[in-house]
Amino acid sequence: MTQCSAFSGIFFRNWIFIRGVPTIQFLPPEGPPEIAFAGRSNVGKSSLINALVQQKGLARTSNTPGRTQELNYFVPDGFSGSKEDFPPMALVDMPGYGFAQAPKNLVDAWTHLVFNYLRGRTTLKRVYILIDSRHGIKKNDEEVLDLLDKAAVSYQIILTKSDKIKSNMLENLMTTTQMSLLKRPAAYPELLTTSAEKALGLEELRTAILQAVVQ
């Protein structure tokens, strides 16, 4: 049995919220592999996490930009958290970036938290950067990708809400996005497309996460 197949049922267990991290000082001790989800505000991070583990209310969703102000940690239930009984992975819902209506002091605080987490977390196996299929990569996304490249943190692009645009437009977006990633050293070459609402691309995402965790 491969390591991936050993973990294959992990997404269908009960998952729980274990910690919100408002500042870098509140990060939990490094333990299980971490998979983080980042993206512009309201790109669908929380909805995708909920769909990924089939728990509708696990990660909070909101129509208010910047509602997720902390790093939110989720793990499968049933593990004590001791060194002998770590969960096989943790999912991290990161604060949205690119919000225009939030006060500057909050924006600065969230930016400091996110950037310092990305730079210094050795158990962080991969960051999934969520891009709204209707809008493509924006300037704020480019800035985060620059940071990840500089920090040599592996990341992969997910085009979310893929059901909201025509298939030919999605194909064109995938082509242009893949071309733009060729010059980025930390980018994983394969794109993923998902729709949390229609449950599209979730199995492919689960497989990609398991591969990242066991590498």
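The backbone N, Cα and C atoms fix where each Cβ goes, and this holds for glycine too.
Annotation source Swiss-Prot lists GTP binding site at 39-46, 66-70, 93-96, 160-163, 194-196. The Mg(2+) binding site feature in Swiss-Prot is assigned to Ser46, Thr68; the stated evidence is sequence analysis. What Swiss-Prot records for 31-215 is domain 'EngB-type G', and it gives sequence analysis as the kind of evidence.
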With a 10 Å radius around each C-beta, find which of these binding-site residues (Lys45, Lys161) has the fewest other C-beta atoms nearby.
Lys161
Roughly how many angstrom lie between the C-alpha atoms of Lys161 (GTP binding site) and Ser46 (Mg(2+) binding site)?
13
Counting every protein chain shown, other Cβ atoms within 10 Å of the Cβ of Ser46 (Mg(2+) binding site) number 22
Please classify the secondary structure at Ser46 (Mg(2+) binding site) using three-state DSSP.
helix
Hey, does DSSP put Lys161 (GTP binding site) in a helix, a strand, or just coil?
coil
Determine, to the nearest whole angstrom, how far the Cα atom of Thr194 (GTP binding site) is from the Cα atom of Ser46 (Mg(2+) binding site).
13
Counting every protein chain shown, other Cβ atoms within 10 Å of the Cβ of Pro95 (GTP binding site) number 25
For the domain 'EngB-type G' (31-215), what's the model's average pLDDT?
88
Densest Cβ environment (other Cβ within 10 Å) across the binding-site residues Asn42, Thr194 belongs to Thr194
What are the non-local neighbours of Gly39 (GTP binding site), defined as same-chain residues 6+ apart in sequence with CB under 8 A from its CB?
Lys45, Gly96, Tyr97, Ile129, Leu130, Ile131, Asp132, Asp141, Thr160
